[in-house]
Amino acid sequence: MVKLIESKEAFQEALAAAGDKLVVVDFSATWCGPCKMIKPFFHSLCDKYSNVVFLEVDVDDCQDVAADCEVKCMPTFQFYKKGQKVGEFSGANKEKLEASITEYA
């Protein structure tokens, strides 16, 4: 299941709770066409990769989280291990998203 992050505190708690697991964060917006396009694929990945934590951040609802993470465009996918960012890319690229998960997991 993809967890919707609604505050900076919830984001920090989710990263901490993940422990050694890979955390994939989808920074998106409701008005963003490419975000809508890749969202079903992103959600399907949580079934395929049960050992990975999937988070979703709406940049309009959580502007502080997006700013802290230096998100400049949507969609942006960031990858965290043990609370530290290990990777990032922007764009609705399904192949790159899945390849990044297998690389960092």
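Each Cβ is built from the backbone N, Cα and C atoms, and glycine gets one as well.
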Which residue among LYS85, LYS94 does Swiss-Prot mark as N6-acetyllysine?
LYS94
Tell me, from CYS35, CYS46, which cysteine Swiss-Prot puts in a disulphide with CYS32.
CYS35
May I ask you to report the DSSP-based helix, strand or coil state of CYS69 (S-nitrosocysteine)?
coil
Please name the residue among the recorded sites GLY33, PRO34 whose C-beta has the most neighbouring C-beta atoms within 10 angstroms.
PRO34
Taking only same-chain residues 6+ apart in sequence, whose CB is under 8 Å from that of CYS62 (S-nitrosocysteine), what do you get?
ILE5, GLU6, SER7, LYS8, PHE11
